[in-house]
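The following features are taken from Swiss-Prot:
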COMPBIAS  434-443  compositional bias 'Basic and acidic residues'
CROSSLNK  Lys96  SUMO2 cross-link
CROSSLNK  Lys102  SUMO2 cross-link
CROSSLNK  Lys139  SUMO2 cross-link
CROSSLNK  Lys175  SUMO2 cross-link
CROSSLNK  Lys432  SUMO2 cross-link
DOMAIN    171-197  domain 'KH'
MOD_RES   Ser20  phosphoserine
MOD_RES   Arg45  asymmetric dimethylarginine
MOD_RES   Ser150  phosphoserine
MOD_RES   Arg284  omega-N-methylarginine
MOD_RES   Arg291  omega-N-methylarginine
MOD_RES   Arg304  asymmetric dimethylarginine
MOD_RES   Arg310  omega-N-methylarginine
MOD_RES   Arg320  dimethylated arginine
MOD_RES   Arg331  omega-N-methylarginine
MOD_RES   Tyr387  phosphotyrosine
MOD_RES   Ser390  phosphoserine
MOD_RES   Tyr435  phosphotyrosine
REGION    1-96  region 'Disordered'
REGION    100-260  region 'Involved in homodimerization'
REGION    280-316  region 'Disordered'
REGION    327-346  region 'Disordered'
REGION    400-420  region 'Interaction with ZBTB7A'
REGION    411-443  region 'Disordered'
Amino acid sequence: MQRRDDPAARMSRSSGRSGSMDPSGAHPSVRQTPSRQPPLPHRSRGGGGGSRGGARASPATQPPPLLPPSATGPDATVGGPAPTPLLPPSATASVKMEPENKYLPELMAEKDSLDPSFTHAMQLLTAEIEKIQKGDSKKDDEENYLDLFSHKNMKLKERVLIPVKQYPKFNFVGKILGPQGNTIKRLQEETGAKISVLGKGSMRDKAKEEELRKGGDPKYAHLNMDLHVFIEVFGPPCEAYALMAHAMEEVKKFLVPDMMDDICQEQFLELSYLNGVPEPSRGRGVPVRGRGAAPPPPPVPRGRGVGPPRGALVRGTPVRGAITRGATVTRGVPPPPTVRGAPAPRARTAGIQRIPLPPPPAPETYEEYGYDDTYAEQSYEGYEGYYSQSQGDSEYYDYGHGEVQDSYEAYGQDDWNGTRPSLKAPPARPVKGAYREHPYGRY
């Protein structure tokens, strides 16, 4: 009853009616508002009209900001909280940067409040702070591309694990470093990479290593890692990856737990040389048989029918191509001239009496082929003994007596001169005098 007599409500009701019947059409959306939004169930008619009328009656009210489509739904109310307006991208970027800006001071404060005894936590916080200050976190999120045609150098780093857990008794560090560090120096020169041994157990003095590990110096932070080989390569992309592959392949050879391989043997020789111990003879500097060195003289063969060794030249024996095959040579006597038309003497005849020869002299080291070694087995005295026995049967000798001419043809094929395909016995012709005493009297 008091609300009906309330003058404020009466004035708002009258102003609402006058506004709805205004022909100028200043508020054309008044009748459409109830159709879009249903009235609240617990709000009184008078109060609601007064609020709506008061909102329409204020001419200085500004229009609401643009709202997204999700804000104008059936759940949106007139008297509810104002929705958040749309923001430009720059504003959203500033909102995202706020957590990063707060993250760095929080890390700094946490590092200051942390006790220095927490070594690992201090190292992690320091690394994270440096990463944010340098902006590496943004670089990690971005995609990296390699420009193979640019000559810009890049840096590659790899850590190769040393299998000390599988082979705890093998000294990998000593094998990689070598005597006085010469092995790893040569390895760096061959591969073109920077190679170093890092990690737990890389230092010889264990007490000093433990002290440096507890010191917290970032320079010795690698002592908290496992034992490994650190390889660094700097160069253009293609060359850098090729050098890294070559360096890893060479380092792999040093990670084989074998004390008898070539690497360890060379290190032992180098260590003995550095210590002043003479190098053991391994075929160097000792006279051995090879190119340019004469072989040791073999023992002199003894016995009948044993020829000189290969490559030896017996003094007085014929050289290849010097005399006609079948002729005999006496020591120190040149071969006699041959008579034209005379048949070649036969070297081997059935029933030749062989006289044992004295042992040959000591052979000389001379590189020559011993094709004519068999001619030294018989001498001229054998022929004299043979024909001296047969002189009692016949007083003279005829070339055609008891012989066949074909035998000369068969033997002539082995002539050394090679001028005639065959040697035929000439026909018997008279010689000065009826006959000779001996067919080989010219000897």
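Backbone N, Cα and C atoms are what each Cβ position is placed from, and that goes for glycine too.
Model, not experiment: these values are computed from the prediction.
Where Swiss-Prot records a feature, it is marked here on the structure.
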| residue | record | Cβ within 10 Å |
| --- | --- | --- |
| Lys102 | SUMO2 cross-link | 10 |
| Ser150 | phosphoserine | 10 |
| Lys175 | SUMO2 cross-link | 21 |
Per DSSP, three-state class assigned to Lys175 (SUMO2 cross-link): helix
Nearest-integer angstrom distance between the alpha carbons (Cα) of Lys102 (SUMO2 cross-link) and Lys175 (SUMO2 cross-link): 50
C-alpha spacing of Lys175 (SUMO2 cross-link) relative to Ser150 (phosphoserine), in angstrom: 39
DSSP three-state assignment (helix, strand or coil) for Lys102 (SUMO2 cross-link): helix
